[in-house]
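Asker: First the structure, then my questions, so here it is.
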Amino acid sequence: QDAFVAFHVDKVLVSKYLKPLQIGELAPDQPSIEPSKNEMLVKDFRELRATVERMGLLEPNQLFFFLLLAHILLLDTAAWLILFYFGTSLLPFVFSLLLLTISQVQASWLQHDLGHLSVFRKTKWNHLLHKFVMCHLIGASAKWWTLLHSQHHAKPNCFHKDPDIDMHPFLFTLGKKLSVELGIKKKKYMPYNHQHKYFFITLPPLLFPTYFHYHTFYIAYTKKYWVDLAWMLTFYIRFFYTYGSLLGTKTLNSPISLHRMLESSWFVWVSQMNHIPMDIDYDKNLDWMSTQLQATCNVEQSLFNDWFTGHLNFQIEHHLFPTMPRHNYWKVAPLVKSLCAKHGIEYQCKPLLTAFADIVHSLKSSGELWHDAYLHK
């Protein structure tokens, strides 16, 4: 299947784990594609995948990723050196905090590359460096991220299957159909008609310092990810030793909390601009390309946008080819656009600020739909 091909680098190795699951083969007169899937689109996408492989677009440029890691480490070091040389007064503290936040966000984009096995052709090297970046530099579990993010990629914006939209309906109501359904059922966990307002003070600043911070430890502990927990501990030891000696143990919590809030805001606006404004519904069992295009959109390319979003401005290409190194997204984009045009599939690409605004607009629209259904209008 296309999902299997998309996720795995070493297909020979992982195919061995499928043998116990085989229950038989299709009879010659049976269709190999389900009725809900577009057979011609499936065929054309597989041809595109073969073209991508022939063009070498799945091969990583390791110098590119080395420079990314180098600039992350330089920013991280500079954040501490500013406090060391200039003291802990307000201005050095603020400047140090900004550099630390930039370093952490860029590290989160790099761990995303590593988690998708797109930095090295050898899976084990991706996993090893993933633990260093995610666990040691960021302080979260690499396996926890892989567990949740793989589900998101398999079924993006599919309710009950994509953990990224588990905020529905407890914090927000998402998607037109789900919002109307919630209103008809008279369910209300929050004042959804105001969710576009309280979004600013809830999800962006609080996702990392609250939910993610505790959830990563909870999953790592309950699933016995002991290696990840040991790596994560090194982050806090390093942070306590380096910053504690300058700020004192009593005020050490301040930079941790503040940089987590800034990092969280940056991450949420970037990660949600590609998905929340798109179709959110139950799983319709569509083909791979249709599933990804209905749930994702792009943001215009520029040097700043590429760096600021970790190339997630090419979200469509990333979702279609999750193991593709990000520096090749722009090369495959014209081919994807052409295939979308051939099959009449909308390929959305918008300016960065428009993408941010669309998050708020979609939340407002969903809240109004829920409110009208709730009041029987």
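Any Cβ shown, glycine's included, is placed from N, Cα and C.
What TrEMBL says about a protein is an automatic prediction, not a curated fact.
For reference, TrEMBL lists these features for the protein:
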DOMAIN    90-349  domain 'Fatty acid desaturase'
TRANSMEM  198-217  transmembrane segment
TRANSMEM  229-248  transmembrane segment
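Have a look at these and tell me how they're positioned relative to everything else.
Answerer: Same-chain residues lying 6+ beyond the ends of the transmembrane segment (198-217) with a Cβ under 8 Å from its Cβ atoms: 140-141, 144-145, 167, 171-172, 190-191, 229, 232, 257, 260-261, 263-265, 267-269, 272, 359-360, 363.
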Asker: Take the domain 'Fatty acid desaturase' (90-349) and average the pLDDT across it for me.
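Answerer: The predicted confidence over the domain 'Fatty acid desaturase' (90-349), as a mean pLDDT, is 94.
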